[in-house]
Amino acid sequence: MLVLDLIGVAVFAASGASAAVAKRLDLFGVVFIGMVTALGGGVVRDVVIGAVPPLAFTDWEYVTTAAVTSLAMFWLHPQVDRLRRTMLVLDAAGLGLFSVVGALKGVDHGVPMVGAILVGMITGIGGGVLRDVLTKEIPVVLHREIYASASLLGAAVIVASTHFGLAKQVPMTIAIVLVFGLRLLSLYRRWSAPTPRVGSTSG
Amino acid sequence: MLVLDLIGVAVFAASGASAAVAKRLDLFGVVFIGMVTALGGGVVRDVVIGAVPPLAFTDWEYVTTAAVTSLAMFWLHPQVDRLRRTMLVLDAAGLGLFSVVGALKGVDHGVPMVGAILVGMITGIGGGVLRDVLTKEIPVVLHREIYASASLLGAAVIVASTHFGLAKQVPMTIAIVLVFGLRLLSLYRRWSAPTPRVGSTSG
Amino acid sequence: MLVLDLIGVAVFAASGASAAVAKRLDLFGVVFIGMVTALGGGVVRDVVIGAVPPLAFTDWEYVTTAAVTSLAMFWLHPQVDRLRRTMLVLDAAGLGLFSVVGALKGVDHGVPMVGAILVGMITGIGGGVLRDVLTKEIPVVLHREIYASASLLGAAVIVASTHFGLAKQVPMTIAIVLVFGLRLLSLYRRWSAPTPRVGSTSG
């Protein structure tokens, strides 16, 4: 479990560091954005559910994984950028894992169903939202592709399964695979969420 | 009370969703920004005073009201945008309610007077500040019109009244009406806070 | 100690208010950004380590110092801007103080070593990051000069010293002077953190 979690951290850190390199931040900025992208969603989750200090501050494996990955990206980004497709697949897996594990942690801390689904989504997309805000972009999840919706679906499935008292193992796997599959399918088919029709009175 | 609170949530959600539509975010983005605008101030308040998980995560009425209103705005924004004047009046009422109720919640959680006034203001303006940061705008309350000042005044009045041991009902009404009236009057008279004189050394 | 802390608050408030004046925010915006810059790092620290309500909400001296300094900057900014060099020296002292005191507070609340170093850095640079996000800038610590690295170093020194059970007085002084000296030296020598080499595949 910890190993899976750390893989998720590494993938998200790589995505954050890569965005920071593209913005020409310095070494510290690249590592900082990488760490915020990897750990930010979990920190917000833990603060909201009252599990403080957050995991990212108590378990050194998380910080170290995020920092080392981001450092590596500082030098290796041209090579890694060529692996864009692999990165997207890993990122989809990380999204599924974070959303489902985050929602479960919400349930374990007594958050009711609707709230726990939100907690799962925040865990999944929170780091990326913070990355975009810090690099002065409108968060990409708010205007492109199916990403947060996949996260929401996975969180909803796992929260519903706990509601019916099911064992965790199987529903977790199903929920993670659902997020992963929906995310990849939407990338492959270029699905997007609908955008508002804009008349003369707005925009 | 809950009904009043939910009307405030709905108005703030509509304002957030409307801003998101203007930025051409997708369906998810519109709902997300609507929810953050409606619930963000209260979430920050609850995290700061230690009332976790925040109300927005434990009482499904809040999330549902914010989500449904934002969804409606996704389709109905051209019609609602024509009601701009009504929206401003409702928003002023929401600001008064959120600021005063937020300050009282701070007092109830043992926050001293000066801090409780800040807690009230954060509850009133926090959601709008987050909306603007997420849509890549400098928060409008920082450079235009009388908005945060009205919120501060209302929070100060209610906190002072609790200090003197008054019953809550009447002072709450007075404080809310004060915020509401000051906000509308400043809109009508186009009042603004003063801006700094800028010499050759800055700007 | 409190006096030192309040000097740090005043310096950071002045830096925030000055940035807000440059962005032509109004009176409220200048005071708000000044307060967020001065108090934001400490508020995030306290929320993360579970010390809520944060110091900034319970001790009126902090809020008052930040507000009065920011108000003064609203009128006196042309004069203060001419003291730019003095301000940079005071800011370096504030950075050292906040980073070291913040890291110690993390240790006192049971945060493990790696986490406590991060807590110290967040205390030192958090307010400035929030200032930049609210005024729509990519945080300056992420792409220019040695600033966060100095903060990290000071936090690491004080956390290591508590690990070895040393008394606090002397290590604190050493750690603060280290941050202060490294920051000023890097300004004087125009040191920067390295930036990534950018090939054709990114940027």
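Including glycine, each Cβ sits where the backbone N, Cα and C put it.
TrEMBL: automatically predicted annotations, no manual curation.
A quick note: this is a predicted structure, and the numbers were derived from the prediction, not measured.
Per TrEMBL, the range carrying the annotation transmembrane segment out of A:26-42, A:60-76 is A:60-76. Secondary structure of the domain 'Glycine transporter' (A:89-160) per DSSP (helix as H, G, I; strand as E, B; remaining residues coil): 58 helix, 0 strand, 14 coil. Helix, strand and coil content of the domain 'Glycine transporter' (A:3-77), in residues and according to DSSP, is 65 helix, 0 strand, 10 coil.
The list of residues near the transmembrane segment (A:88-107) in space but at least 6 beyond its ends in sequence, with Cβ under 8 angstroms from a Cβ of it, reads 4-5, 7-8, 11-12, 15, 41-42, 45, 49, 51, 113, 115-125, 147, 150-152, 154-155, 157-159, 162, 168, 172, 175-180, 183-184, 187. Each residue in the domain 'Glycine transporter' (A:89-160) has a pLDDT score, and their mean in this model is 95.
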